[in-house]
Structure formats: C-alpha cells, structure tokens
Amino acid sequence: MSDLETTQDSITITRPDDWHLHLRDGATLASVLPHSARQFGRAIVMPNLKPPVTTTAAAEAYRSRILAALPEGMSFDPLMTLYLTNNTAPDEIRRAQDSGIVHAVKLYPAGATTNSDAGVTDLSNCYKTLEVMQEVGMPFLVHGEVTDPEIDLFDREAVFIERVMRPLRRDFPALNIVFEHITTKHAAQYVAEAEGPIAATITAHHLLYNRNDIFKGGIRPHYYCLPVLKREEHRLALVTAATSGDERFFLGTDSAPHAQGAKEAACGCAGCYTALHAMELYAEAFERAGALDKLEAFASFNGPAFYGLPRNTGTITLKREQWTLPQTLPLADQQVVPLNAGETINWKMV
Ligand SMILES: NC(=O)N[C@@H](CC(=O)O)C(=O)O
Ligand SMILES: [Zn+2]
Ligand SMILES: [Zn+2]
C-alpha cells in the first residue's frame, strides 16, 4: 500500500482525561483552565501550590476555585490530590477518602522539583500514613527522582527505582502507585514488569523529544522540565510503552505553566506548557509510531480503569490539519510560551 492509502486524516476517540496537570491558582488558573477543559473531561490536579494543598479542606477550597474559574458552558471535573509532607496525619487520609473529591496523594521528594520544599525528606516519616492509604485504596502518585546531589541529574529517576520505589513496594505491596511522568527505559520496564497495582503517566513532550532538543543551537528553556528529557533510547522506550496497549501506561501531560520571564532567566523554572495542544502532540507521537489505533486506550481508557472511575461519555475529533502555535499566550498579567511556540503542527482538535 502507498503512504497515501495508509494515511488517516481524522481520528475520533472517547473524550480523554489528563492524569497529571498543573492548574496553579488565581489569575493564572483562569488563564490556563479553558485550554485543559477544551481537551480533557477530567484531570488529576497537582497540589504543588504555594502553600501546598496538604489538607482535605484545602483541596475542597481549591476545587471550588477551579470550578468558579471554569468558563460558562464548559464542563470539566477536577480530581483533587493532597501534597504529602513528613507530617501528614493518617487521619487526614481518611478525611480525604471520605470527602469523595480527593483521588490521590502526591509524593514530592523535598527539593526535587517546582514547589517541593515542603515535600518529604524521608519516606520512613510517612509509614503510618502510607498504611492507611494502602488500607483505604488511596493512590500514591510519585515524582520519582532522588535528590541526592551526588547523583547525576540524568540518573535520578533510575536511582529512585532502586533506592525508593523497590523498598516502598516491598513494604506496601497493595498500595496503588502511579510512577508520574516517567522518562527512562528503566522506569518503563520497571512498571511493565512489576507485580501488583502500579501504573505510569507519560507526557507528550517525553514521547516527542530527547535531551538534544534542550540544546539545539543554543539553550532552549522551554524544553526544560523535570524529570529532564533523556537520551533517544529512553524516548523510544517510552513510545513503545505508550503505544503497547499495556493498560498500566496512560496520559498525563504535566502541563506546567511558568511565566515567560521565569523560564527565560539565568535560573529558569522547570516545566513545559502543553495544555493548549496536548492531544495534537500525542496524536503526532502515536502516528509517528504507526499506532494511532492505540491512542484511545492510552488517553481515555487506561486512566479511569486504574482510578476506578467510569470512562467519559463524549468524544473528541482530531483532524490532520496544519496550524501554527502562537508565540505566547496570556498568563495572568504576563505571558506563557507554549511548547512548540511559532511552530507548525500536523493535527488539530476540532
Ligand atoms: N514538571 C516540571 O518540570 N514542573 C512541574 C513540577 C513537576 O511536575 O515536577 C511544575 O509544577 O512546574
Ligand atoms: Zn513532578
Ligand atoms: Zn507535574
């Protein structure tokens, strides 16, 4: 068959969800929320605000602010999370579970990423709390990087598996764990082969780019995120995992807005903004792998199955149509530079 005959010009799938999203707060929240709500039915909303969302009461208040910021006529269901600290009480987990609006608890190793200063210094501080999470079935979402400065930045995820993930899963074999935004063949292989309830989210940018893209002709801060982009062999392993049909892998954009000035700086913030065009980027990645037929499971089925939620009912359609990303988008009283700013991409959500 010729290329022409095998080329698909549109794809309609069950409305997808974003299982890892940063919406921020206040005027920034109002700027970014419509982008995610246009593409996704629900999102797991990250709790790394300043101050972090550490209690059920704070999660309920944050959820109300999100719903208040949602433009009329749009529907979107924010699935809230709690930020685990050294001092999160076991009772807080029971409150979270009873609330019905908190769907997971998030581990930020202290110092690992944006707004992680209040994070956990040693998981042994949290064992009583983890016991309750395991007992009530509250998922544990993990930013999987060690923070040991002796460990090379590019090895921090692989070392995390050995130093933290394996002991954690040995001690809590029934705890539902999501290895968030995986970036290495080590993590992909670990998740695919591990016994028990574990899954992983994969971003669009880690499917499309490798670490060369951060340094192409100069330093490109908009390709800097954490965990940092890795070598091509790792990107290929992530594409294989995402397109394998294995239900342990599902979509999480990790869209993480930072103002332009905070990214294009002497010490620039980590995070890529993809909320505007995430599904288009995933479609591109799946098409390049010849696996557009696997996109729906990854984007719309595997996540709800893991979280014990129903699939969305509507559909979205992506068409093969070239369009050019804007250079910037409004972000509160500043601007955010989307990933692929000014570039032409091949898919467009209708
Ligand atoms: N991914 C990132 O590079 N940044 C995220 C934090 C995170 O998910 O680690 C952010 O909140 O900006
Ligand atoms: Zn993270
Ligand atoms: Zn994130």
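Glycine residues also receive a Cβ, built from the backbone N, Cα and C atoms like all the rest.
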According to TrEMBL, His20, His22, Asp254 bind Zn(2+) 1; identify which of Lys106, Lys185, Lys348 is listed for that same site.
Lys106
Listed co-binder of substrate (same site as His22, Leu23, Arg24, Asn48, His143, Leu226, His258, source TrEMBL) among Ala61, Ala237, Ala241, Ala270:
Ala270
Can you figure out which of Leu23, Asn48, His181, Leu226, Ala270 (the binding-site residues) comes closest in space to Asp254 (active site), comparing Cα atoms?
His181
Among the recorded positions Arg24, Lys106, His143, Asp254, name every one whose Cβ is found under 6 angstroms from ligand 1, counting any of its atoms.
His143, Asp254
Span of His22, Leu23, Arg24, Asn48, His143, Leu226, His258, Ala270 around substrate - largest C-alpha separation, Å
19
For His181 (Zn(2+) 2 binding site), the nonlocal same-chain Cβ neighbours (under 8 Å, six or more residues apart) come out as His20, His143, Thr201, Ile202, Thr203, His206, Pro227, Gly252, Asp254
Which binding-site residues from the list His22, Lys106, His258 come close to ligand 2, meaning a Cβ under 6 Å from one of its atoms?
none
